[in-house]
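**Q** This structure is in structure tokens; I'll ask about it shortly.
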Amino acid sequence: MVQASSQAGWIRAALLAALVACAPAAAQEVTVLLQASPPEQAPPRPDFDDDEFVELRATMVRDQIEDRGVADEAVLAAMRRVPRHRFAPRVSARSAYEDEPQPIGHGQTISQPYTVAYMTERLELGADDRVLEVGTGSGYQAAILAEIVGEVVTIEIIRELADSAAERLQGMGYRNITVLHGDGYHGHAARAPFDAVVVTAAASHTPPPLVAQLRPGGRMVIPVGRAGWIQNLLLVEKNADGEVSTRNLASVRFVPLTGDH
Amino acid sequence: MVGRETPGRLDLVAVAGVSAALLALEVLLLRLFEFSHWYHFAGLAIALALLGLGAAGTTLALAGRYPFSRGDGWFLTGLGVTGAGFLLLLVVQSRVTLRPVFAGWDLGELVRLLLVDLAAFVPFYGAGLAIGQVFLRWPERTRGLYAANLLGSGIGSLGAALLLATVPVAMALAVVAVLLFALGSVIGWVRGQRVAGAACVLGLALALIAAVRPPEPAVSDFKALSRIGELPGVETLAVHSGLPGRLTLLRADSLRYAPGLSLGWTESVPSVDVAVVGSDRVVPLVRRWPVDAAHRRASLAGLPRQLRPHGRLLVLGSGAWQTPVAAGGRAVTWVEADGRLLEIARARGASEAGITLVEDGAWRHLVTAPDGPYSVIAFDAAWEEGDAAAEDYVLTVAGLALALARLEADGLLAIPLPLDDPPRYYPRVMATLERALHRQGAAAPGDHVAVLRGLQALLILASPRPLAEADIAALRDFAERWRFDVAWWPGQAREQANRYHRLDSPVFHDIARALFERRPLPPATRLFHAAPAELDRPYPWRSLAWGETPRLVRELGGRGWSYLDWTLILSVVTTVVVAVLAFLLVLVPLGRLPAIQRPFGRLSVAGYFSALGLGYIVVELVVFQRLILYLGEPVLAAALVFATFLIGSGIGSAMTPADASRASLGRIYLAVAVGLALALVPFMAVHALSTPPLAWRLALLVALLLPLAWAMGRPFPWALRQLAGQDRWIPWAWGINGFTSVLGASLAPLLSIHIGQSAALVAGAACYVVAFAIARHWLVRSKRA
């Protein structure tokens, strides 16, 4: 669902389409599991009743995120709002708010709260942005993004995880998230370009299609490196001329991109 | 066995059989735990299991005054517990899926891990009960019994290696259990132990079922084998057993590998198959040669080939760096110790594409270099890094110097490394390279080296002679075109080193400059161990600097824990835990044993058998570490060393003098000294022992080690023989020896890593000096009495 372009932006849209057309052609089959609603002025946010873990989330944000330097108010607000425990059904609710990644099955984890917040902050998102997330996992990162931006497209290669994330996000009332089942390596050219791309599974190299689907001026955050405890978190920036550069942000703990790229 | 004054042939066979099963279990357990555990925990798990032997000694010491503790019934009970332990291990490993990566911070997962490991304690305990009591029962026959013990162990070691090479590890365990229960059934029938015999027959039936349909070990969903198995459309193309571990060949369209690829590359990257060795080592393999590898012209992996478009390439090892991919008619020699990978490549047309496939260790191929000199030597295996305690002889000063000598005059070494920030292995590899260049006569090593950096990869290039202007220009053009940073070239300004993939500072340039200018490393980079890796300490992947650990954790916070060498830390933990447990278990029976009589004392007995236990295992393991240099494959080296030592010691123990005289003591320990002198040859004549073909090498190594093994088998039964008449102290002494062996097993790698293999060998030899001194003291006291 590409946002409607203003009159002045049609040239930009044409150029972007051309750029995207240069992206490697991929025989990519994707299945839409959850479709975002047409964009509105302000996408509806789910209405979460106050639950017994509000205080725990506030403590999590204060001790694990704010104290470590994340300062973006939109990110902090999202982290306070989204009930993280609902995205980690395999562990106790209290464990979900601990300062660690937690298993969600299929060799995947829900990322450590700080990592989610840090990556989100580094994207420098705006309310109208469209974000591609590769590696839906539990759907938690997608939910955090959806609290901030206009639309999130998230893609997951493991069918069971994609199904459960779509069901969970729909059940929670998110209307601005599209959940796809497919190989995230190819991104999603049909819905490109994106203002930001976040890859939540480590890869051995940055997939060329993802770089191509990032609009000029956009940012990508991706962990790269070998499987294991440590990967390097990179910020990839594409300038107005389409040239990319990277900045090493930090080392983080992730699981690898399942295709072991 | 009740009532016989001497052990019969069946008794000796029984001891040998249980000993064989025990050693086979040790070897198979290594492979099993590597599959199911996080490999750092494998050593700890095995040490805990081995404690079962010592615990059995304690049990025997406590129960020794009761008649039921010696006899056929007790032996068969021990044998039955051993066999049941095998089956328990198979069941537990197949039913319980571990997530060892979470054990680092999840106490519950750690407890689960340890409980699963306790299943391995059971067979060791049972075997200890069976074997230990025969010394109690026939204290005058320790030579023959110990000989049977050791010979059986040697056969078990060889048998386990043979099984691993041919069948899956679960089936191998079941087969050993079958043999064990069959032995127990025969003993029960012959000796009239009906109940125990019937139990063994039942065990035999269960073991046969397990051997025919072995339960697969459960694999964590975080292991590569599981994760790749979840991919849509994944196919298992083949499964092969082998000494390096099970190899599973998998195919899925979503499998792509391109480390070192430029962000500027916008075209496709081809899909590949992968071979998963064990449960976590992933080796990409092209589907068919020749392959479309256009993307490599935009990759650091393809740069050496572009800089040197002619001449033969040598590729050492396998990994995601995949230098053989772009063979494209170029003469390439690919050296890999795991022949199965080469067989797969051969079946896919690698040979027709111009790739010569050589199954050999990298070090040995560099020594012999039958098709050199080379225009490029690519260290593909370096991309996969390694464990802190794993020997890697090629990435040492001697190894890199040898590689430089095998290049053409303007040839290139290409060493890829994953990028870590802060730099973890880079300082050490660069320091080793600098030293190697010096050794090869380079007056200014910095003039021979270039380093390029991508977003997640480093490529270190080195040449025997200073890099030409044309090379530097070509590098810079490549870097500019594909937006790589050049971290080092001769004469580079610091400001040029951090342009496209920006770090907080050009730390890789700063490290290179400090090393080449022989200045201290920048303070911010001194978080890791950075001394050059030498042949005597071939552990280039050891990064832990103990003194810097608090600063590392303090500065990096939580992620600092991820940079620690957990193998080393858990080895220390293992050593401490085993020492404490052993100490307690040794102390437990002391109050209930009768007074020991002159010339012995509790302390001297403990000291003697401790020294032997430590000395034997330290010497054995250090020799094993060195033999990896010559044999390339660690499991092959382990099988050879264990078999040689155990069989040799078994023969030696059967030839131990029985009398307690200074002459016999002198002969025993003089033989040890001569054996140790011979065992120094593998530490000195490196090139001479590297060149012969495999069969000759094996024969030479066995010939050099057998005298030492024979000699080291004699001090233990000699002393046990002297304890005859103080029977209750025999299992206690045996238990102490067992405990200190376990301690030595975790201590030996730590010694080699920190003080070098030669010094560790000296430490092992010193234990025999201590044992000799104690034994001499006994003789003196005996004479005075």
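Using N, Cα and C of the backbone, Cβ positions are placed for all residues, glycine too.
Note that TrEMBL annotation is computational and uncurated.
Relevant sequence annotations retrieved from TrEMBL are reproduced here:
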TRANSMEM  B:12-33  transmembrane segment
TRANSMEM  B:39-62  transmembrane segment
TRANSMEM  B:74-93  transmembrane segment
TRANSMEM  B:113-132  transmembrane segment
TRANSMEM  B:144-164  transmembrane segment
TRANSMEM  B:170-190  transmembrane segment
TRANSMEM  B:566-588  transmembrane segment
TRANSMEM  B:600-623  transmembrane segment
TRANSMEM  B:635-656  transmembrane segment
TRANSMEM  B:694-711  transmembrane segment
TRANSMEM  B:732-753  transmembrane segment
TRANSMEM  B:759-779  transmembrane segment
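If you look at the structure here, what lies around each of the features I listed?
**A** Residues 14-15, 18-19, 21-22, 25, 29, 37, 41, 44-46, 48-57, 59-60, 74-86, 88-89, 92-93, 96, 98, 100, 103, 149, 731, 734-735, 738 of the same chain sit 6 or more residues outside the transmembrane segment (B:113-132) yet have a Cβ under 8 Å from a Cβ within it.
Panel annotation: around the transmembrane segment (B:144-164), residues 7, 12-13, 15-28, 31, 131, 134-135, 138, 171-172, 175-176, 241-243, 635-636, 638-639, 642-651, 653-654, 713, 716-717, 720 of the same chain, lying at least six beyond its termini, place a Cβ under 8 Å from a Cβ of the stretch.
Packing against the transmembrane segment (B:600-623) from elsewhere in the chain are residues 586, 590, 641-642, 645, 649, 676, 679, 682, 705, 708, 712, 715-716, 719, 722-723, 726, 729, 732-734, 736-741, 743-745, 747-749, 751-752, 757, 760-761, 763-768, 770-771, 774-775, 777-778: each is 6 or more residues past its ends and has a CB under 8 Å from a CB in it.
Long-range contacts of the transmembrane segment (B:694-711) within the same chain: residues 619, 623, 627, 630-631, 640-641, 644-649, 651-652, 655, 668, 671-672, 674-676, 678-679, 681-682, each at least 6 residues beyond the stretch ends and with a Cβ under 8 Å from a Cβ of the stretch.
Listed by sequence, the residues of this chain that lie at least six past the ends of the transmembrane segment (B:732-753) yet keep a Cβ under 8 A from its Cβ atoms are 43, 46-47, 50-51, 53-58, 60-61, 128, 132, 135, 388-389, 537, 539, 542, 568, 571-572, 574-575, 578-579, 582, 585-586, 589-590, 593, 605-606, 608-618, 621-622, 625, 716, 719-720, 723, 759-760, 763-764.
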